[in-house]
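*Asks:* Pasting in a structure now, in structure tokens, and then I'll have a few things to ask.
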Amino acid sequence: MQHESPIIRRKSTRIYVGDVPIGDGAPIAVQSMTNTRTTDVAATVAQIRALEKVGADIVRVSVPTMDAAEAFKLIKQQVSVPLVADIHFDYRIALKVAEYGVDCLRINPGNIGNESRIRSVVDCARDMNIPIRIGVNGGSLEKEIQEKYTEPTAEALVESAMRHVDILDRLNFDQFKVSVKASDVFLAVGSYRLLAKQIDQPLHLGITEAGGARAGSVKSAVGLGMLLSEGIGDTLRISLAADPVEEIKVGFDILKSLRIRSRGINFIACPSCSRQEFDVINTVNALEERLEDVITPMDVSIIGCVVNGPGEAEVSHLGLAGSARKSAFYEDGKRQKERFDNDDLVDKLEAKIRAKASVLDKANRIDVENLED
């Protein structure tokens, strides 16, 4: 069953990306980035909708050219999730997408240009009430910082970030968040820890260029898990060389593991051994695939034998403890009279899980109504 997280989050200011609150205790937002060509409007819209379907709170879109900016205008008209425009080199592109309703501007201090160009972007953002993300990356630091430190260090990344924080402060602009990403876990973690001590603005977390689906997920879970467990972080992106949809799933899994934010089913499943009375692995895989559309937070334990099965089931919303021929079924920690045939588990479990999700959703709605009264 759901348990409260013991994590005490870092205090930060509040900004809004579209209608999504960021910082000051708001739920940690999970975002991804499209990997289509932005000028391919149909493909980009389709990918954004796929990301939104699995729970993306925010989607970032690369806008490298003026042609891409014109495409962004069309994309923005066809989706509802807030969009961040990723801007490098040409500050004029930021000004253009601002006209087209962008929800946030991401600029890279290492290549956006001199202070006068930043001032132009900030003035535009202020006039149109658009927040900015200062996005520092260990692979694209300013030349003078590279020369000063000779290699990326936490101090180098934070100095780059603080240069631009100071510019925004001088321009009296406080609607921004900051990221200091690196592909090395310790470098990224050290950079965020250092930055968290120096500013009050929201922090966007990420291990950049983390790798493929498996290795990148592990690296991100380790790095972001360290920071999140310390209360650091207000938004996150899992950077994978994989389908962006997987980034959202992994992001929510990390938050779910730390009890920070839950979306969908938390399956508690044994790795299986010779004691299993049914095929645990295929059962869990089938249920995960079938139930991707369920967003209700709930714990479901699927354990193949009676050693740990009853204990896990007693602390889950629903649970299955394997036994010969027919397995024991639990609801809200209590064993039910009904038993499930081990050769016909998936359909029955799916039906039970969907029914339980409906009950929990109704209870949550009643709770909210009572609070409003």
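Cβ atoms are placed via backbone N, Cα and C, with glycine included.
Given the structure is predicted, the values throughout are model-derived calculations rather than measurements.
Dumping what Swiss-Prot says about this protein:
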type	residues	note
BINDING	Cys270, Cys273, Cys305, Glu312	[4Fe-4S] cluster binding site
*Asks:* Starting from the Cβ centroid of Cys270, Cys273, Cys305, Glu312, the recorded [4Fe-4S] cluster site, name every other residue in that chain with its Cβ within 8 Å, sequence order please.
*Replies:* Pro271, Ser272, Arg275, Gln276, Val280, Ile303, Gly304, Val307, Asn308, Gly309, Gly322
*Asks:* Enumerate same-chain residues with a sequence separation of six or more from Glu312 ([4Fe-4S] cluster binding site) and a Cβ-Cβ distance below 8 A; give 'none' if the list is empty.
*Replies:* Ile268, Ser301, Ile303, Gly319, Ala321
*Asks:* Hey, does DSSP put Cys305 ([4Fe-4S] cluster binding site) in a helix, a strand, or just coil?
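*Replies:* It is coil.
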*Asks:* At 10 angstroms around each C-beta, which of the binding-site residues Cys273, Cys305 has the fewest other C-beta atoms nearby?
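*Replies:* Checked Cys273, Cys305; of these binding-site residues, fewest Cβ neighbours within 10 Å: Cys273.
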*Asks:* Please list, in sequence order, the residues in the chain of Cys270 ([4Fe-4S] cluster binding site) that are at least six apart in sequence and whose C-beta is under 8 Å away from its C-beta.
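*Replies:* Gln276, Val280, Ile302, Ile303, Gly304, Cys305, Asn308 - these are the non-local Cβ neighbours of Cys270 ([4Fe-4S] cluster binding site), listed in sequence order.
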